[in-house]
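J.: Pasting a structure here, questions to come.
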C-alpha cells in the first residue's frame, strides 16, 4: 500500500530525528565537475564517496578503491535479462559455483559483486556500470580482480564510455584460469564525464558464473592548483604544477593542455600520424592504421595515444624476427651535441618475443657508421601505450632508426613521435632516398636460439628439438644444458644477464651496470673489483610506478624451490626517534612479505598520536589485500649511544581479529632478541610502551630495531607513532606477559623463579598452559616449592624494576596459579622507601589461573615484590603471569564500568569460536566499526564500554567471548549489566547471551536478540553454581552476517545477593540515552495515531459488511505471545476476543 502523500513530511521528520539517521549538514559544496574526479576537495573526501570507489582520503600513491565489503560503492547493474550482477559473499553464495572466498579478506565472510547462473538458453549479457566519473589523468590505471571457472562464461569485457564513444579497454574469451585473476588496464587521458562498464556474456553452453572484487583506480587524479611550484617545475594556466620533462610530451598533464600549448612547443616537431607520416616517411614493414576497421587480432591496439580514440591513427607492425620492420627519421643534426631528444610512445602486446629497438646511425664525412643501439624494449607489456625518451649525442648528422619485431600473435605499435627543438632536419640532396638499413636478428641467449631444423619456438640441440614448455623447467634435456641456460641463474657478468629482462613502464627501471659506474662500493655480489649487477635507474614511462625485471618463463618447480639473491640498499643515516610527520626517519619496511607498514595521514577513524591530525605508520592487511602473515618495520643499523638505552613508542591495536605486535633487536651474528609484545585488540586508543636495550660496552657492534606485525586475520589494524630512543634504562613496564622476557624482574631468597613454558620448562611441575595465550607454548614465571628446591618456611622473592612515581592511585593486577597440593603462601609487597605488605594469598590451588589485585599509592619510585613461602609439600609450585598496572582503584571481582579498561575480563579469542575478540572503545573515538554514540556510565561520548562488531562473524555458530575471572561457588548471586544492540536490517538479529562456564561445561542463563534501538537496556540474571565458575558474555548471530554492534557497560556482580525486581519508578529496563530517540518516538506515535485514524475511518465505512462476516464466523483471538527481545508478555485480557 503506497504511503499517502500527506504523511511524507512526517516520515521525513521522523527519519531525521532518529539517532540512526543522523543527518549532519556539510558546508563543503564542490561544483559538479569536482565530484568523482579522483581529487578530494572536501574534508574526509566526501565529494568522492559512492563514485565506484570508497571516499576515504587515500594516502600518497594509494588508489581510490572499492572492496565491496560495506556496499557496492555506487556500481549498478544495468542488465536487461535475468542474468544480472548482485553483491554477495561466499558464505551466502549465489546459485552456481562461485568463489569459495572473496579476494579482499580471503575468507567466506568477504563480499564481492557476482552474477549467478542463468537457466535461459538465449545469449545474455550481465553489465555492471560505474557512476559518472570525471577527468582521468594520462597516468590513470584501473585494476580489478575477477573470478570465473573454466567454461562458465563466454566472454568478459571492460569498456569505457565518454562523449559519444565507447572504448573497449579489455576483452577476453578465455581460456580461464582458476582462482582470482588481476586485470590492469590504462585508461589514458579522459576529458569530461565517463563511465566504466564490466560485462559478462553467456550462451547456451556457458552457465555464466563470474565474480568481481577490489576495483581500484590508480593515479587518476589531475594535479591540484598550487600557489607556488617547486623549483624548475612548470606552472600551468590552471595553477597546477608539472615536472619539466612533462612539457611538450604529447600528454595533457596539466589538465587544461597548457603544458602542450603551441606557444611553448612550437619548436618541437610532433608526428601523430593522424594525417600522414610527417617526417617519418622512410619505412619498411610498418603500416599506418587505426583501431576501427583494423585487424581482428585480439592484441591489436584498440585506440591510439594521440586522441585516446578508436578513430585515431598510429603505426603498427606484425613483423617477424627474420624480417624486422624499420622506421627511419630524416637526416638530422643537433644544434648542440647533447640537446636533441626523441619522445615516442610504443605498444608491445601479444607475444613475449616482441622487441622494439632504437638505433642511432651517424653520417660521418666518409661513410655512414654502423648503427648504435640506444634503447631496447622486450616482452609483453600489455595493451597500453608506454612513453619513452632517448637523448641524442652526436657532432655529425644522424638518423634515428626504430626497428620492431614480434612473435606469433604479437603486435608492435608507434605513436606520437616528438623531436625536441634541438633536432634540426638537414636539407635532403636531390636523388633517390637511401636504402633502409635493417638490423639483424637480436642476439638471443643460447637457450632461445631457433634453428630451421625444428618448428618455430623449438630449440635445436644435438639431434633434439626441445619444445618451448621444456625450456627453463629445471630439467636438462640437452647434453650441453643449452635448454637451461639464461634461465635466471646469473651473477650478471654476462651481457645476457641470465635472461632477466626489464619490463618497467613507469619512472623507474632496472639496468645492468658495472660497479665503477654506480654509487655502490666497488665490489659486486661476487666481491670482484669490477663486477656487474642490476641497478635501479630513472626511466621515462608514465604508467605503473614499480620497476619490474622478469626471468624467462620458468617451471614447473618443486615444493622446496628457493630463490637466493644479494641486494643492497643505500640511504643516508637518520634518527631512530621519529614522529613520522615529515618522513619515516631511519625506519623502512621489510620486503620479504606482501604485508607492509605504510606511512599514512590522519583521516576519519584513523588518527595519529602526536597531534591527532598528523602522520603515523599503519599496518592494514586489507589495503592492499595480503597473503602473508608478517610485516616488518626496521631501522637502519645503529651505533649504541650508551650501555643501556630506552626505546619508547605509542601503539594502537584495534579490531576483533588483529594478531600480535612485537618489538625485537637484531645484532649481526646473533639470534633475534625479543623485547616486547602485545596480542589481541587493546581498545580503540593509543597506548605507550617501552623497553630497555642492553648493549655490550665498547663493543662497537651495531644493532637494528624491528617491529613485527603478525596478523591473525583481516579484521583490524596496527599502528605506531612517536618512537623515541634515549640513553639510560627505562622504568619498569606497566604490562608484562613474560612472552618475550622477564621484564626486568630479579629473583632472590632461597628459591629461584624461572621464566618457562609448560612445553619446554626445566622444572618438574607448573601450569599446563599460561594465562596470556592459554597454550602450552606460552610463558610465565614459576617457582618450585617442593622441599628439595625450597625447604619449609623458606622464601623465594621476585622483584620488579623501579616503576615511575604515580600521580594518582593505581591498580596492579596479576594472574597466579597454585598447585593442587598446598604450596604455601604468596605475599605481595610494595617497596617505596620501605616495604609494606598489600596482599597475602594462602589456599589450595586448582586447574585455573586466578586474578589478584592490589591498590597502589606511591608518589616516588617504587617496586613490587612477590614472595613465595614454602609449606614443604611435594610437587608444589606457584606461578605468575600477565601483570598490569592501570590508573584508578581496583574494582570488585567481575565488576567493571570499563572507564580504565576491561578490569580483568578476558577478551582474547577462545579456541573453536573463529578467533574473534571483544574490544574496548568510546563514542568520542573515531572508529571504522559502528558503535554507540555514548556510554552508560557517564552518558557522554567520552565514556567507555566493551564492544563487539558482529559483521566479522559468519553463519555456523561462531561467536566471541568476554570471560570473567574465576569466581567461587555461590548459591545465589546477582549479575547486573547494561547492553546496547543495533542492527540496520530488520531481518538480521544479533544475539547476546550470558553463560556460566565451569568444569562441567557451559550453561546459558540469559539471552536476548537485538535489533535497531540505539539505547542502553538493563539486564540482570541470578546465577548459582555449586563449584568455581566463570561468567561469559557471548556475542553471536541468529542469522546471516550483519553489520551491527553489541556493547556492554556497567557490569556489576553482587556476590551472595539475590536480584531485586526494578522499582516502579524505574519503568522499563530500557533507558534511552539521547533526545533524538525521544523525539523520534513521539513523531512515530503521532504517525501511528494518524494511521489508526485512517484505518478506523475505513473500517466504519465497511462496518456492515464486517458485521455480517462476523455473524457467519467468529474470528480467532490472539495467542499469548512472548516478545523475548522486550521481555513483555501480553496478559490474557488482551489476548481474549472480547
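The backbone N, Cα and C atoms fix where each Cβ goes, glycine too.
The model shown is predicted, which means the values in this text are computed figures rather than measured ones.
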J.: Can you say which of 1078-1100, 1101-1123 is given as transmembrane segment in TrEMBL?
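T.: The range carrying the transmembrane segment annotation in TrEMBL is 1078-1100.
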J.: Tell me, if you would, which residue among 229, 254 (disulfide-bonded residues) has the fewest other CB atoms within 10 Å in the structure shown?
T.: 229
J.: The domain 'MAM' (64-222) and the domain 'MAM' (488-561): do they have three or more Cβ pairs under 8 Å, with pairs 6 or more apart in sequence?
T.: yes
J.: Summarise the model's confidence over the domain 'MAM' (269-425) as a mean pLDDT value.
T.: 88
J.: Within 10 Å of the Cβ of residue 236 (disulfide bond), how many other Cβ atoms are there?
T.: 24
J.: For residue 254 (disulfide bond) and residue 229 (disulfide bond), determine the Cα separation and express it in whole Å.
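T.: Between the alpha carbons of residue 254 (disulfide bond) and residue 229 (disulfide bond) there are 13 Å.
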J.: Tell me, how many other CB atoms lie within 10 A of the CB of residue 241 (disulfide bond), whichever protein chain they belong to?
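T.: Neighbour count, Cβ to Cβ under the 10 Å cut-off: 19.
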J.: Around residue 487 (disulfide bond), how many other CB atoms lie within 10 A of its CB?
T.: 21
J.: Pop the Cα-Cα gap between residue 229 (disulfide bond) and residue 236 (disulfide bond) into the table, whole Å please.
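T.: With the alpha carbons as reference points, the distance is 10 Å.
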J.: What does DSSP give as the helix, strand and coil breakdown of the domain 'MAM' (488-561)?
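T.: DSSP classes over the domain 'MAM' (488-561) add up to 6 helix, 18 strand, 50 coil.
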